[in-house]
Each structure stands twice: as structure tokens, then as C-alpha cells.
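Colleague: Have a look at this one before I ask anything.
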Amino acid sequence: MTSSAGSRWVVVARKLALPSTTTTTAVLQFQQLFNQRSSSLSPSWRRSKSSIPSSSTAYTNDANEVYECASHNAATFDHQYRHILSSSSTVGGGGSDGGWRQRQMAITKLNPILAHATLSTQLIPPSNNSYPSSFFPPYAHTGIVPYSIHHDTILIHDTSSISRMKNAATLARQLLDYITHPSISHAGITTDQLNSLLHYATLHHPTNFAYPSPLNYAGFPKSVCTSINEVVCHGIPDSRHLQVGDILSCDVSVFLEGVHGDNCGSVVVGDVEDGILDEMIGGVGGVERLSWDWYADWLSKYASSSSSSSADASGNNPPMENDTSSSSSAPSASEDASMPIKRDWPTYSLPQKTNFASHEEEERIITARRLVQAALESRDAGVAACKPGGCLSDVGAAIHAVADAYGYDTVRHYRGHGISSEFHCAPFVKHFRNMDALEIVPGMIFTIEPMITEGSAECTEWSDNWTVATMDGGRAAQFEHTVLITEEGVEVLTLPY
């Protein structure tokens, strides 16, 4: 969940879209960039609130290089889809965009995500032999988040705490991959149905059953945040049916072994080549296809066939099937070992849609794809900026640089956060340029979860006190990782399993 800048309340917004070749390459470029920058610094180099000026050379140069890298990726995307983005010159943040941005914002305004007519509340299981009191976070049955004197204290995690945090983060990622799988988050399903699936899978996971953290957090009525199109974050699942071309962000969080795991990803609904899903699920349909048991069985078979045929020497998942640069741009096992971040290959990969029902559908999907790619790159740039002795301002600068390169904006009011037994606590991570010179030190665990908008980043909160939407109707996309700062750099806890 995201943290609000103006209050203690914090919640969710993210999704796991399938990265394109360009995006995968960009992640590696960001990692290499920050490795090189860090290696040029003295081992004793440290920055703190008293030692980093606004004109810091490292701060400025890193962000500039990230901007150049992201500008190249944006230009590559725009060239690939120039028949749709023909007169786009938004790379660099200015110029004409060929009208597609205004058209898409107009479409969203004509078909807005409406406030909920009626909302049902997800039932919370009682405390019993199956679910002892320790299974629940303290707010589960009251809706009241207890005040803690440690809320503004940055926790340095010990070995035991890190182990539990890894377990919770791993489960959160498993569930995110499940609920955003294109056979599940498909056109026609409602977000309320997605919530029911996620709720059941969390409570009945075969090895690590857990509590869905959003449920009754300060009264939030559901087990997952589902944000569509212009909804930036904290969307409440309801009876709206997903449509082809929607951007769906799912923020999945769990409470396991007394701590929270948190991540988010965005997908473009229906952006899968015709016939692929039918072939993949082998005729299985309805509730059976949507179940966690079916997904886990399918994933096991997929992982087995992938690893036996094309896993690399380091045991990592292979690049995506449509990643034409995999053999040349993917690092070797030895190169991968030196990286601060493991590669975030998707657990599955499916060819993106090439046959469109109309020019309007094609533009809707391609422009959504572009925004999702920018959000994914911005998160990965923010993660790559994390290193011991760095500052939180480095994270915001890197994220903002990517948004600028694509001609988008980044939301200011909602932020990443520390996470442990408390869902949201210090440090609070800004996803925009700022002067937060708080030093990053080993043992910190926090989330990085930028929300990128195709128009203005100005937002408004609905009367339900949760749903946050852009004021101009521009769509938004979000990705989130939970990261651990180590002596060597940064470890991403919410990677695919």
C-alpha cells in the first residue's frame, strides 16, 4: 500500500505487467549505471542530512544518465509504434504527441470509473483453532490501526526479522502474479471477483496461508486494491467488468508470521495475442480455471518445461519468449552475480496482441502499454538508485527522470514506506525530486511504488475516503517492490518465485 504525504494513513496500488524487451534491457542498464557510479566512490563515502547539498554532483549526474537511458527506451518504443504515435515527440517532456494523449484522456472522461453505487464488505474470518489471534494484524477485527510510538522510527532489521519479511514478500509476489495472470485478469471479469479469488487464495494457500493486509485496514472493505485507468491507487473492488485496453493495477499485501509483505503491478487487460489463452488453459474454463490450484499446477508445469529447455546457467528464469535481444543483452551468470538486483523476469510470458478490432482499440492498448512500461522502468530505476550511503532523494530523482523522459508525471502525495509488523512506517519514500537527504543504511526495508500518470499528477480522493483518481482523466500505472538494503547494495524481496 502507498503512504499518504498528508496523514498517517497509507494503502495500495500496483501491478505486474509483462515487461517488453526494451524494459528488460532498461533494468539492466539502470543496474549497471548505479554500479559504475558507486564503484567510483570512496569506501568510507557517506551522505547524511548535513552533508548533501542540493547541487550534489552524484545526485545530478545519476539522474541525468537515467534520463538519457529512459529517453532512449521511450524513443525506441515510439519508433516501433510510429504508425500509432506518428508525430510523437514527447520524449524529453515537450512537443506534440500527435493527439493520442488528448484522445485517450477524452475517452477516459467519457467512460469514467464511477463511484460505487453499492459496496459489499469482505467477511473477516473469526479467530479460532484454524486462525489463532496471532494470525491477524491488530486492526483486523476493529478497523482501527493502533498508534505506535515507533511509527516514525526507522527500523534496522535483524536476521530473524529479515527472514520473516522475505517469507511475507515472497508470498505477496506469488499472489500478485496469480491475480494478474492474463487468464484471470481478463475482459469481462469484475474486480469484486478478483478480490474473492485473491481473498480465498491468501487464506487457503497450501504452504503459507496468510491474512490479506488491506482487509479492514482503517476500514478498507476488501482484500486487495484494484485501480483502473484514471484511478491512481486504493481502488476498491466492485461490480465493474474489466474491458479490453483497461490499465489494471493490483496492490497485493499479506500479513504472515507477524509482518507484512507488499507489492503491486499493472497490466493492460486483453493485451494477449488471439488464441494464446485458449491454447494455454487447454479448454479449462469457469471457476476451475480461476482457482489457485489450477494456477499453481499450470505454473509448476510451465516452470518445469521452461527450466528444462532454456534456463540459464545461474538457474534464473529465461528471458521472455518475445525478447529478441535475450542472447545478446542478458548478462551471464558471473555478471549477474555482481549485480545489486536480481533480474525481475516474469514468471510467465505471453505474446502481446497484434490483431486489433479497430484502430481505436489499437491506440488504446499501445498507449496503455507505453504508460505501463514507463511505470515499470521508473520503479526499477528507483530500486537501482538504492545503495548504502546513498540518500532517499536519489530514489525520487531517478524515478522522476524516467517520468520526464516519457513525457509523463509522477504523483507527489502518495509514497513508499517502511514495512514490518506495522503496515506503514518510516522511512517514507518520495517518488519525485526532493531534498530528503536521509541516509540509506543496511538493514532498512521499505517499498518503492511510483504512480506514473499520462497527464497531470494532480489527484482527488473520492467520498469513499480511499479511491484516488487523476483530476484530468489521465490514466495511471504503478509498480511496487519491497527492498532490503544490504552491505553490498539492495536486495529485492518481491521478485518472482
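For all residues, glycine too, the Cβ spot is worked out from N, Cα and C.
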Colleague: Of ASP246, ASP251, ASP274, which one shares the divalent metal cation 1 site with ASP262, GLU480 in TrEMBL?
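Modeller: For the divalent metal cation 1 site that includes ASP262, GLU480, TrEMBL also lists ASP251.
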Colleague: For the divalent metal cation 2 site that TrEMBL assigns to ASP262, GLU449, GLU480, which of HIS234, HIS413, HIS417 is also named?
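Modeller: The candidate from HIS234, HIS413, HIS417 that TrEMBL ties to divalent metal cation 2 along with ASP262, GLU449, GLU480 is HIS417.
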Colleague: Using DSSP, what is the helix/strand/coil residue split across the domain 'Peptidase M24' (368-487)?
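Modeller: Helix, strand and coil residues of the domain 'Peptidase M24' (368-487) number 32 helix, 36 strand, 52 coil.
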Colleague: Calculate the distance in Å between the alpha carbons (Cα) of GLU449 (divalent metal cation 2 binding site) and ASP262 (divalent metal cation 1 binding site), and round it to a whole number.
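Modeller: Approximately 10 Å lies between the Cα of GLU449 (divalent metal cation 2 binding site) and that of ASP262 (divalent metal cation 1 binding site).
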Colleague: If you measure HIS417 (divalent metal cation 2 binding site) to ASP251 (divalent metal cation 1 binding site) at Cα, how many Å is it?
Modeller: 14
Colleague: Where does ASP251 (divalent metal cation 1 binding site) sit in the DSSP three-state scheme?
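Modeller: For ASP251 (divalent metal cation 1 binding site) - judged by DSSP and reduced to three states - the answer is strand.
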